[in-house]
Amino acid sequence: MASALLSLPFNLPPSSSPLSAVLNSPKPKSHIRLFTSSRRRVRVTASAADQEKTKDTEKDSDSDSAAFNPFGFVTDNPSSRSAIQISESPAESGNVGQMLYRIEDKGKEYGKYFRAGEYVWFVRETGSAESERGTVVFLHGAPTQSYSYRNVMSQLSEDFGFHCLAPDWLGFGFSDKPQAGYDDFDYKEEEFHKEFDKLLDKLRVKSPFYLVVQGFLVGSYGLTWALKNPSKISKLAILNTPLTVSSPVPGLFKQLRFPFLGEFTCQNAVMAERFIEAGSAYVLKLEKADVYRLPYLSSSGPGFALLETTRKANFNGILSQISSGFASGRWDTPTLVVWGISDKYLPQSTAEEFQKANPTAVQLKLIEGAGHMPQEDW
């Protein structure tokens, strides 16, 4: 598994970013239109005696007022437009219906729906279940989805012959979003584990298999599931995931735990894409941002699922389980930690501390230039 992951071609994104273009660009012309429009309105009042001149001036003023765009300082600047992912048609960016129509079919590469127990999961699959190389199961973190693994899955299947599966956790991506308090699923760690077991049975995943885990909350639940089921895993790969009790908690999850502020924050449709960008050195391309945004645009369900998952999580307890459970003498399954060192949420020291706690079983590979989601950056 390690050789397969490390054999993937790495191409660095361009060194320049849309943000630098914004900072170095000249002042937008919309500022000029604003002040000009204001001056013309003053002239209309001052020259009221001259009726014909006043009429002409009013026409000019009305025309400019109609053309004035209060967000022109962003939308009139190509580099700004690119940086904040505004489309060429501003109406599509401001109208939810138009946005959904434009992106509703995006982001379901290799995906199918499977009912496991009471709930329907969206699962991406590449390669053949009969592959002699075995099956790799990819688990994403919050607040993202399995879409982040699409390129890695494709290459592992096409170039190396692996069978790959990547589900959207319940409450995330395109999977069902049970309603906490009304459905049997209440977004606690043990419930995620129980439903994941049902999904593995439904997909007929043969044990042992390779497991790849990345990210916060549900990503961490992938690791605690591994600790409970070591015999089902042949090799484990961990990408930028909180691994020690000293791992910091991002501001997003702190906000979600506050009453009222959490309810407001969880309904931010661009939350996922902004979380990804904030943890990386790069801005997402529009077609990628669309996919991460889509579930949160489609309904309030994903936001409230994230809210419940965050509030039900025992961060300290989870991190204690992981740091002690994978230590020497307690974990001997071959494990590869692949770490993007440009991660803005988790420092490199987190991965190094984790590896030192079990140097026999755990190998560490640092990826220069990659951020919190190496599978998306590289």
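Any Cβ shown, glycine's included, is placed from N, Cα and C.
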Practice task
Scan 1-24, 265-288 against TrEMBL and say which stretch is down as region 'Disordered'.
Solution key: 1-24
Problem - Listed range which TrEMBL flags as region 'Disordered', given the options 43-68, 69-94, 173-198 - result: 43-68
Handout entry: Confidence summary (mean pLDDT) of the domain 'AB hydrolase-1' (135-377)
Key = 95
